[in-house]
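Features reported for this protein in Swiss-Prot:
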DOMAIN    2-168  domain 'Era-type G'
REGION    10-17  region 'G1'
BINDING   10-17, 57-61, 119-122  GTP binding site
REGION    36-40  region 'G2'
REGION    57-60  region 'G3'
REGION    119-122  region 'G4'
DOMAIN    199-276  domain 'KH type-2'
Amino acid sequence: MNSGFVTLVGRPNAGKSSLINSFIGRKVLIVSEKPQTTRNKIRCIYTDSYHQIIFTDTPGIHKPVHRLGEFMVKVAIQAMKGVDLVLFVVDATKGFGEPEKRICDLVKLSKTETFLVINKIDLAKNYEFLAKTIVSECDCFSKVFFTSVVKNEGIEELLQAIKNCMPEGPMYFPENMLIDRPISFQIAEIIREKVLLFTREEIPHCVAVIVDTMEKRQNNLLYVAATIYVERNSQKGIIIGKNGNMLKQIGTLSRIEIESIVGSKVYLDLHVKVKKNWRDKDFIILNEIGMKDEIE
């Protein structure tokens, strides 16, 4: 068997999570058009008869304005260490800017084999010129690929090239395991994804979701109590909505998706609470939203 570790890096909203979902063949990571959707380092496992590839999704590398952002960037940088391959994912519609220049420097420092992946080519025309520009600025790529998750272009070719790079090794995870996070983390992420779907402006960035309780009840019902944290009372009002309608929408869509992954009926009990300026409080970031193990 050939097995190994692959880290995806890029600016926020470059499509890293969508690429991993395409590799795995099903949705294992939340996706959103909102930047900085991914906050944690998340490992997703692809397994076939001859390969096991552990893909690490990372927060987008950006210029942070809160302590949360600082930790997210630190997580992304550390995820490039000790892996077999790095995929530098570039949004074809954004071009080669300061985030890409910074990531190029980090890629060079990692001294790890790196593929350049120009993603979202269905939305841009000059993506081949963009690739040439990046290669001329950062001559550290062993291969260049052009992909579109929406049109399923270049995905299989990229996956095959990744397989070819994997060294001989053991099966690190059970063959039916798709993600290295507990079900409570996955549920919290699903709820946060629905908040991102229904809200705009500053709300997506100030939301954290914590699963407080999970317990099996009669008739195989899974009871889940979760809290959506925001920073201000005005944000709390937006998420609850008029007559509670926004929270009901978030809860309904979340429950349907949670039921699909746990295989049973779910009672989802959602609450919204205010934790002022939580994005600048280290204890909350490290312990309550689970970044402590990722940066040590």
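Placement of Cβ uses the backbone N, Cα and C atoms for every residue, glycine included.
Look at the binding-site residues Asn13, Thr58 and count other Cβ atoms within 10 Å of each Cβ; Asn13 has the fewest. In the three-state DSSP scheme, Lys16 (GTP binding site) falls into the helix class. The DSSP secondary structure for Gly10 (GTP binding site) is coil. Each of the binding-site residues Gly10, Lys16, Ile121 was assessed for Cβ neighbours inside 10 Å, and the highest tally belongs to Lys16. When the region 'G4' (119-122) is classified with DSSP, helix, strand and coil residues number 2 helix, 1 strand, 1 coil.
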